[in-house]
Every structure is written in structure tokens, then in C-alpha cells.
Ligand SMILES: O=C([O-])CC(=O)C(=O)O
Ligand SMILES: [Mg+2]
């Protein structure tokens with residue numbers, strides 16, 4: 001066995017203002033970062049492999065003597081003082097860091113093909129000399145800003161959203177920093193491309209557009225070997241995992257293994273909107289089969305061609321996964337459950353919330369973002385939460401999750417028992433209004449909402465009977481807020497609040513235009529997927545986007561930067577409060593109950609700070625001492641995609 005060490009020479013920090021606490025952490029980290037094991041690593045199992053598209057090199061020893069090099073250390077050094085240091089401090093055993101293959105330096109041709117380090121034409125003259133790039137690039141040196149201009153034109157030339165999506169994925173695979181710079185600089189324009197709604201279509205067609213494998217696939221074939229699979233992932237300091245089993249992708253149903261687009265998309269938002277460094281993010285799809293007949297009969301389907309495993313077989317695989325994650329990455333890695341079907345989503349959250357740092361975005365993230373919008377909307381409609389009556393269409397993860405968080409906040413505000421305040425919240429499912437006479441046949445998560453009332457068969461009747469001030473769609477069923485339903489809301493309320501949350505756009509309960517038109521311009525409207533502004537009777541209405549993308553990136557950052565070990569409901573309330581506080585008078589004047597995404601990094605820093613502050617207050621945060629200014633600290637932790645200089 002032999003090894004050698006190389007240094008990463010990075011001069012562009014792009015970050016400043018770290019506290020002394022960070023400096024200490026930085027010193028500790030930099031020692032570790034300077035070491036890059038060359039080859040072979042711990043055992044005879046050393047091999048060549050594919051590392052995010054670039055072949056791991058078997059570098060000859062004499063090559064290693066060269067002084068200048070770009071080593072495989074990602075962003076760690078530049079964001080020293082950030083969350084990764086928190087993570088690095090409490091690693092349980094060094095065993096976590098043994099990789100089964102050799103890690104090598106990148107230079108020349110390989111450097112251009114490594115998305116983590118590639119800068120394309122932005123490599124300077126000196127860098128071209130030092131890193132064997134002469135002749136491999138045309139002579140022009142073009143700065144990152146100009147590359148961004150070129151790329152946005154490139155993406156704009158495509159008319160079809162899926163083509164824009166593919167152009168963005170292609171860029172991510174080629175030049176990661178340019179991808180994030182582009183996404184951050186044009187966030188409003190590109191969010192619908194890399195995320196809802198286009199990501200839904202991408203998942204549906206994943207088999208045919210699939211070019212580079214992204215993320216980690218864990219199928220039933222890997223049962224008993226999940227720790228080994230995790231070790232195959234090239235990055236070791238993982239801080240956030242987004243995992244799906246693909247059974248309920250957005251409102252599109254069971255897309256099996258092709259659901260991978262969702263963890264990939266969510267994690268690119270963790271980086272772009274929340275500043276978590278890309279190498280700390282791990283997208284995972286658990287493949288236990290699919291019940292989607294179309295996919296089972298599709299020769300291009302990329303997943304296991306069998307029907308879904310359920311019961312004990314499913315539970316055992318998930319348990320092995322949850323255990324392996326904790327063993328491999330320690331207990332402060334955040335596991336975000338995404339787009340599981342109702343039956344598994346609630347059970348998994350319940351089972352692991354006291355042993356792991358877990359968060360279900362569809363239940364908790366959506367709840368937090370909607371609560372923020374409702375709190376903000378009170379400025380427009382007046383009253384407190386307790387003065388309002390809520391009616392939901394859809395009683396799954398999102399519906400019951402939102403309902404519970406509204407009840408929790410109302411109960412805190414009024415000191416009334418939870419059971420009492422729940423009575424102001426009503427849910428309609430596919431069988432009609434949820435009422436006490438249906439209690440015996442209801443799934444457990446619906447039971448708290450079975451209030452005393454005569455049976456009501458449909459939404460329109462429920463609106464007329466319950467007379468809600470707020471109507472929330474979480475049904476996954478498009479166009480279910482009909483003209484009659486919205487007109488009924490408008491006849492009951494001066495300013496009806498209508499939230500059409502199902503994704504993607506095709507599943508939205510109504511469009512923005514319908515909401516404004518059918519309420520004669522009086523609705524306060526927001527939707528899960530974005531809608532363009534609407535002109536109605538000479539006035540322009542700008543709909544808000546009530547999407548969990550406002551919450552999870554900042555929420556996750558807050559947990560990571562404070563070393564929080566469990567998610568408590570009060571942390572979700574803290575996130576809502578911070579988001580609602582970011583809505584400005586100017587936004588309200590336009591009828592908006594969410595701030596625009598253009599300021600999302602600032603918003604995320606405030607959410608992270610409020611979440612961390614609450615975690616410290618509850619004794620859940622382990623990073624001590626608590627930083628004095630948590631907003632500044634959050635900002636200092638954020639990844640910036642500016643190119644680094646290589647010496
Ligand atoms: O992905 C989104 O846009 C929101 C979400 O979590 C879902 O609809 O499942
Ligand atoms: Mg989701």
C-alpha cells in the first residue's frame with residue numbers, strides 16, 4: 001500500500017466574516033483537507049471507477065511530484081466555518097472516510113471533464129499553463145459572468161420546457177459552478193425549469209432522457225449491502241439526503257425509480273436557495289418496484305420490473321437504509337423524505353423522528369410554507385388564525401400536515417386545547433366531508449379531523465355548509481376548484497383565500513386566472529406550481545407560489561449549522577414565522593402573501609437563523625457555543641458558486 005498527499009491551492013474564498021469559532025473549525029479541517037489519498041486505498045478492493053462522469057485516474061507516482069494541482073476537495077476549504085465543519089467535528093469513527101477506490105488529482109483533459117472543477121473558457125492563462133490545458137481550449141479567456149450570459153441565452157432558445165431542463169442537467173454534469181451561478185442569478189426564470197413543474201415531466205420521461213446516472217439507487221437487489229452501496233458514493237461529508245421511493249411523485253402518482261428527478265431537483269435547490277454545498281448533498285431513490293403498469297411494460301424503464309414490495313419486506317429495506325445512513329454519516333445528517341405515498345410517509349416519519357434527524361417535506365415543509373402564507377395573509381384580511389375557518393380538498397400528507405400545523409400555531413396563540421382549535425379545520429376527501437360518522441373507516445391520520453356534522457358528499461356542498469374563509473387544495477386532482485366552488489367562496493367572503501397547492505401545474509386545483517376571474521378579482525391566491533401574472537379588468541394580479549421550496553433549503557441549513565439532532569414541530573413554526581416576516585409592504589400592495597424568489601438566499605438565511613435559534617432554545621442544537629448573530633452566521637455558511645483560482 002502506498003499513498004501520497006496533494007494540496008488544494010484555492011485562493012478565492014468568496015466568503016468572509018467567519019467567527020472565531022469558525023476559525024478554530026477551519027484549522028481543524030484544513031489539516032484533513034490537505035490529505036488526498038492517492039492510490040490504492042485501504043484494501044485490495046481498490047479499483048477504477050466513475051466519479052460523477054470522470055474516470056478516476058491511476059496516477060503514476062512521478063506525476064504526483066508536481067507541485068501545482070487541483071485536488072479533489074470540493075468546496076470544503078472555501079466554505080470553512082460553514083456547516084461542514086460542524087459535521088466534521090463529531091465524526092464517530094475514521095472508518096467513515098475509507099473509500100474503496102483511489103482518489104486522484106485532476107489536471108489537463110480530465111480536469112475539463114470534471115464538473116466540480118471545470119471552468120471551461122474561464123481558465124486563466126496561468127491556469128492553462130499550470131494544469132496542462134494548453135491547446136485543449138480555444139485561446140479566448142471568458143469570465144464566469146459572460147458564461148452566464150451565454151448560457152441563459154442558450155437555455156432561452158429552447159421553447160419546450162423539457163429541453164430547457166435537459167440543457168440545465170447537461171450543464172450541471174459539465175460545470176457545476178456555472179450551473180449554480182446561472183440558477184442563482186436567474187432563479188425566478190429557472191426554478192420552473194429544474195423544479196416544479198418541469199421536473200414532473202422529466203420524471204415521467206426519465207427512461208428516455210436518461211443520460212448520466214445522478215444520485216444513488218438502492219433497490220431490493222442491494223438488501224443486506226446498503227452500507228457498501230453508500231460507500232460507493234464519492235463524497236464522504238454528507239449533510240443532507242433527500243430520499244424517495246417514487247410512489248407518489250408530485251401529483252403524478254407512482255413513477256417508481258424514475259422519481260430520482262425529485263431528490264436531484266430538491267437538492268439542487270438546497271444548494272442554490274439554501275447554500276448547502278453540492279458535495280454535501282446526496283439524492284437517493286429506493287427502488288422496491290412499481291405498480292405503474294405503463295412503466296412495467298416499458299423497455300426503457302430504468303427500475304426493477306416488479307410490483308412494489310410492501311409490509312415487512314419494505315420495512316426491512318427501509319430500516320437497513322436508515323441504520324446504514326446513521327452509521328455511515330453520523331447522527332447529524334438530515335434525511336428528507338420526499339414523495340412517499342401516504343401510508344408509508346406517515347409511518348416512516350413516526351418511526352424515525354425520535355432516532356434520526358428526519359423531515360418529511362410533503363407533510364412538514366408544505367405545512368410550514370402554507371402557515372407562513374396564511375399568517376402573512378392576515379395582514380390583508382384581518383383577524384387572527386382563530387377567527388378563520390379552513391376547508392381542505394385532499395386529506396393526505398399535505399392536507400393533514402398543514403391542518404395540524406395551523407392547529408398547533410392557533411393553539412399556541414390562544415392557549416386553547418388542540419382538540420378545540422382543530423374544530424375550525426375541515427377536510428374533504430374522495431368520499432366527501434370527513435365527519436365523525438365515518439371515523440371507524442378512516443385512516444389514522446384523518447381521524448383527528450372527523451368532527452360532528454351530517455355527511456356531505458362533495459366540495460361545493462361542503463363550502464356552502466362550512467362557509468370557510470380559506471380554501472386549500474391538496475388533492476393531487478387538477479381542476480377540482482370549479483367555477484361554482486370559487487363563486488361560492490367569493491359570495492361568502494370579501495377576500496376569499498384560495499390556495500391551489502397540487503403539483504405540477506396540470507394537477508393544480510384551479511389556475512390563477514380562474515381564481516381571479518371567478519372571484520371578480522377578490523381572491524388572495526397562491527399555488528404550488530408557478531402561474532404567470534393575470535390581467536383581469538385592467539388590473540394585473542401576481543399570484544404567489546406556496547411551494548415548500550421556500551422552506552426546506554433554509555430549514556435544512558438551520559439544522560445543519562446548529563448541529564441540531566432532531567426535528568421538533570416548534571422548528572417548523574419558527575421557519576413559518578421567519579418566512580412570513582419576509583413579506584414586505586410592497587409585496588402586500590400587490591396582493592402577494594409570499595416574497596419573490598429573487599431574494600431567496602436572504603430569506604433562507606433568516607429562516608435558518610430562526611430555526612437554529614429555536615433549536616438552541618429547545619436544547620436540540622449541539623454546535624456550541626451558539627453563534628451571536630445567527631443570520632450572519634447562516635450567510636457565512638453558504639456556498640457561493642464563484643469560480644476558485646487554481647495555482
Ligand atoms: O415538489 C414540489 O413542487 C412540492 C412537493 O413537494 C410536492 O408537490 O410533492
Ligand atoms: Mg414532494
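Glycine too: its Cβ is placed from the backbone N, Cα and C atoms.
Binding of (S)-malate is attributed by TrEMBL to 248, 503, and the same site annotation extends, among 292, 297, 458, 547, to 547. Looking at 33-55, 56-78, the range annotated in TrEMBL as region 'Disordered' turns out to be 33-55. The separation of residue 362 (divalent metal cation binding site) from residue 547 ((S)-malate binding site), Cα to Cα, is 10 Å.
Taking only the Cα positions, the spacing between residue 503 ((S)-malate binding site) and residue 195 (active site, proton donor) is 11 angstrom. For the recorded positions 266, 338, 339, 362, a Cα to Cα distance of within 10 angstroms from residue 195 (active site, proton donor) holds for 266. Among the residues 248, 503, 547 said to bind (S)-malate, no two Cα atoms are farther apart than 17 Å.
Taking the C-alpha atom of residue 266 (active site, proton acceptor) as reference, the shortest distance to any of the binding-site residues 248, 338, 339, 362 belongs to 338. Classification of residue 338 (divalent metal cation binding site) by DSSP places it in coil, neither helical nor stranded.
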